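Working notes, beginning with the structure itself.
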Amino acid sequence: MNNLYSAGKVLSYTVRTVAVLHIFSSNVLEISDTTGESMLPTLAVVNDSAVVDKRYKYGRNVKMGDLIVARKPTEPSSLVTKRITGMPGDIILIDPSKNSLRRLHQEHLDMQEVAPLDNSSYDNYVIVPKGHVWVTGDNLSASLDSRTYSVVPLAMIEGKLVYAWYLTGMLSMFTNSPRKLPNTFVEE
């Protein structure tokens, strides 16, 4: 009887701990892995783990230049890490370097069956609507971003990246120190 009581107590504490950790990672901080070359040199292609501050969820208090994690508008089950390069009301030149984006978009079309790209839009400007942001990767030549899928609704923002560290194994967590991911926006 005493063993059953002890097992129930352990189970109760385990369930409570898991619930608290879930609430914490959903609403305060979460550790997320990043992959891909779109955010080079800020984030490594592999083995970079990032601390995501969930207080910025749904775009609360995000600013120009912030690194964010958001749901991809064309594929909401996927998360993307990008930098905010346009705020509501900003006027954005879609892309002055047409060739690199055409190549990248063609690769995207090969992977996903979507409508063909209207190349005439690259000579146009976009006004970021209220409740949305314009995002790009730091490595523009290798980034699928707002230039491909347009603006991102603030409601799709999952959080802001604040720290990252390069992890190659369990011990690297203790030997490599986290680096702060600063906002690099400069008003010109």
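Cβ atoms here come from the backbone N, Cα and C positions, even for glycine.
Under the three-state DSSP scheme, S38 (active site) falls in the coil class. Marked as active site by TrEMBL: S38 (among others).
K82 (active site) falls within a strand segment according to DSSP. The feature active site is assigned by TrEMBL to K82 (among others).
Per TrEMBL, domain 'Peptidase S26' is recorded for 13-165.
Here the C-alpha separation of S38 (active site) and K82 (active site) works out to 8 Å.
Sequence-distant neighbours of K82 (active site) (same chain, six or more apart, CB under 8 Å from its CB) are S38, M39, L67, I68, A70, V135, T136, G137, S143, D145, S146, V152, listed in sequence order.
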